[in-house]
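A.B. asks: So TrEMBL has the following annotated:
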| type | residues | note |
| --- | --- | --- |
| BINDING | A:L25, A:G26, A:M27, A:G28, A:T29, A:V30, A:G31, A:A32 | NADP(+) binding site |
| BINDING | A:K120 | NADPH binding site |
| BINDING | A:E205 | L-homoserine binding site |
| ACT_SITE | A:K220 | active site, proton donor |
| DOMAIN | A:369-442 | domain 'ACT' |
Number of protein chains: 2
Amino acid sequence: MANNQAATTYGHGKGIGATVGIALLGMGTVGAEVFRLINENANDFEQRIGGPVAVRGIAVSDTSKERPGVPAELLTTDAHALINRDDVDVVVEVIGGIDYPRELVLAALRAGKSVVTANKALVAAHADELAAAANAAGVDLFFEAAVAAAIPVVGMLRRSLAGDKIQRISGIVNGTTNFILDAMETTGASYEDALAEATRLGYAEADPTADVEGHDAASKAAILASLGFYTRVTFDDVHCEGISKITAEDIEAADRAGYSIKLLAICERLTAADGTESVNARVHPTLVPKDHPLASVNKSYNAIFVEAEAAGSLMFYGNGAGGNPTASAVLGDLVGASRNKVHGGRAPEDNTYAHLPIASFGEVETRYHIDMEVADRTGVLAAISNVFAEFGVSLRTVRQEDRGETARLIVVTHAARESVLADIVEHLSGLDDVHAVNSVIRLDN
Amino acid sequence: MANNQAATTYGHGKGIGATVGIALLGMGTVGAEVFRLINENANDFEQRIGGPVAVRGIAVSDTSKERPGVPAELLTTDAHALINRDDVDVVVEVIGGIDYPRELVLAALRAGKSVVTANKALVAAHADELAAAANAAGVDLFFEAAVAAAIPVVGMLRRSLAGDKIQRISGIVNGTTNFILDAMETTGASYEDALAEATRLGYAEADPTADVEGHDAASKAAILASLGFYTRVTFDDVHCEGISKITAEDIEAADRAGYSIKLLAICERLTAADGTESVNARVHPTLVPKDHPLASVNKSYNAIFVEAEAAGSLMFYGNGAGGNPTASAVLGDLVGASRNKVHGGRAPEDNTYAHLPIASFGEVETRYHIDMEVADRTGVLAAISNVFAEFGVSLRTVRQEDRGETARLIVVTHAARESVLADIVEHLSGLDDVHAVNSVIRLDN
């Protein structure tokens, strides 16, 4: 057998007209929208699926909480019992977190229920285990909502581009950090002030770590890379730098040079001189030319570029977060999983046949925007240029601003390896005339 | 039974490892790319499908033509015999035209072969007949490549947004006309000169009628509306105006007012005061504000906006034409159809359960940019304003340019019905002081 797919053909469905039983795990913003829309559009769901859907129960942590429009008899704290009901066919997980949802999703898959989840952290951390359980049971595991909410990038990679070869996936996949960076660029605010504003408006959570340190984007990068390169990439494989060190001065320097700073997730196929392929996934603040479409993605919007061999460049843009867009993605998956329960068949399963090695971050080549505080003295530029030359990295632009005793020197390099860049920064910092390397920000190629 | 879907569950597949036989109908630009990529990426296809694909034959009109890289023994002029071979499972139609491909696609579906086609004209004209044949046989009918090549809008409407309610689909879906309009805007060229340039560069065909008169875009609008609204919309239902009457003066006037002129396909759900819904699909030159993302879609690129109730606004952008992007879409469908042949199951079939009425073009509401030649005399503006007021249409802006004896008057209205606009233009033309209504161009809302 030439592949690692489940060694079964797919069975028959329940038959046209059969009711599909749904277990809803979680009743936060997304869960409430999912429940509301299932009821509001019941006839449409029935027509699109081939049979009606019925929510059999909703697992919550507190059944006594006021939930307008939700019949009390649907609520339960016993998620396992709900999942295992004979009349439940599809389980929708919108709880969040990792350990508890993992336990529930695995229980559901093992019980032969198809699963729809919006949980990027879970999928990015435990994809192999979840895929194995789904394959063993021959059921669907869907997670369109886990990446960029209603932007259907998961489905596109899984199906629409299944006949193509993906070279690169890059984009803005975290709305919170984009809101903060956009606010800093628009108003000149400091990082701290922009974060406070994002928190006040509900764009950032009380503990913003997962967003601002890039963890959320890294989970999404892992999922996108796994799908695009048919290779398992997990959260731990993703090099991750957040935006908490970006200063108003960085934003302003970028702006003057014609760039916006965006937190990008970048998944890349690397091809060595001998043709050997590997993949890399990373998240870091990135300078994007102001005339590039990504630069004009503002507020909490998301945008994803996909570069494929035959398709060329494709861009997808939309609302990357929020209850409604996330519910849209969950419900698209719910219709798909329910259709398969009625008609038989199964969606393309998780497939990591390519097993490409993960390239370390040091092997990645990119360009750099380096901002230094240097002594304002003859010969400084020569000394600095020498460091770059020693490491075989050529400079694209050099800009110097006098500041009395010292000068600010901003250097943009041609493409160089991350490992080389690290060495260069170390050497630059060791020069007497370099008082500080203020920031190193990468440029998107 | 509450729906119009095929009354069967889906059968078992051929089993993992089984070879999927392909019949390729047509060997033009797209067909040649499809064949090349099937061979080049054979291992990837096998891994993604669950079994190898083998091209059993290629139907062409002339087997003696030189075709580098294509084994002569695969070529045949007998398409029917090829389709009916026992070892053919999936038929790929990339011939073009309507009558002959229709005959072949129907023969394939009736023989139980799944079909992948890139033929927008065929699908837009005969969708009901094709869908009925596919449903009767329980096989797949895929046509992602028929709309905007590699931009996966068909799959998105069919699957990703299956749990949402689409309100509007609009966009640039014809590369030839976009190239011509972009050239006119960029260089100030006349329509005739820009068309000649497009022909010279291969963007326009020898007979450009289907593109420049909007027929190609109208086929795509029919397909998008059918998918988005679960209602059959055919080519004949689409109001269609092309770009052949757009003058350099129109482009220049639009430019000065802050607009680009784009040929848009617009599919809209209309809701009457009593809640009754209907749908409309249309293609016409449209003024797009220069800061709108559609305005910056240049050359032969395509972009499609989808507005859905829960998802909000989504935009998809990419290469809408050409051998490679079209092949990418065909191959994505080929992998999907082949997977189903191996594993069993079937993709969501054509589903027009909503059966919404088609609203006539007269019922559509939009804003208008009206360019008139008028007498340069006191009272002219009052007379013209009266006409609009009589029909209850208010004006948004009025701009007058003196030209000696006459003046040019450019009026932008608030939203009004097409039927009312037609009456207004008739009345305006009847005024003594209006020498000519030079152009009426719609504004995108």
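Cβ from N, Cα, C; glycine included.
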A.B. asks: What does the structure give for the C-alpha distance between A:V30 (NADP(+) binding site) and A:K220 (active site, proton donor)? Integer Å is fine.
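C.D. replies: Given the Cα positions, A:V30 (NADP(+) binding site) is 18 Å from A:K220 (active site, proton donor).
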A.B. asks: Within the domain 'ACT' (A:369-442), what mean pLDDT does the predicted structure show?
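C.D. replies: Mean pLDDT, the domain 'ACT' (A:369-442): 94.
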A.B. asks: Could you check which of the recorded positions (A:K120, A:E205, A:K220) sits closest to A:G28 (NADP(+) binding site), going Cα to Cα?
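C.D. replies: For A:G28 (NADP(+) binding site), the spatially nearest of the recorded positions is A:E205.
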A.B. asks: Measuring Cα to Cα, how many Å separate A:L25 (NADP(+) binding site) from A:K120 (NADPH binding site)?
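C.D. replies: Rounded to the nearest whole number, the Cα-Cα distance is 16 Å.
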A.B. asks: Just to confirm: which same-chain residues, 6+ apart in sequence, have a Cβ under 8 Å from the Cβ of A:K220 (active site, proton donor)?
C.D. replies: A:K120, A:A124, A:A146, A:V147, A:A148, A:V173, A:N174, A:A265
A.B. asks: Three states by DSSP: which one describes A:E205 (L-homoserine binding site)?
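C.D. replies: Where A:E205 (L-homoserine binding site) sits, the three-state DSSP reduction gives coil.
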A.B. asks: With a radius of 8 angstroms around the mean position of the C-beta atoms of A:L25, A:G26, A:M27, A:G28, A:T29, A:V30, A:G31, A:A32, what other residues of the same chain does the NADP(+) site pick up?
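C.D. replies: Neighbours found: A:L24, A:E33, A:V34, A:F35, A:V94, A:I95.
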A.B. asks: For A:A32 (NADP(+) binding site), what residues in its own chain, 6 or more apart in sequence, show a Cβ-Cβ distance under 8 Å?
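C.D. replies: Residues satisfying the criterion: A:R67, A:V70, A:G323.
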A.B. asks: Among the binding-site residues A:G26, A:G28, A:G31, whose Cβ has the fewest other Cβ atoms within 10 Å?
C.D. replies: A:G28
A.B. asks: For the domain 'ACT' (A:369-442), how many residues does DSSP put in helix, in strand and in coil?
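C.D. replies: For the domain 'ACT' (A:369-442), the helix, strand and coil counts are 24 helix, 35 strand, 15 coil.
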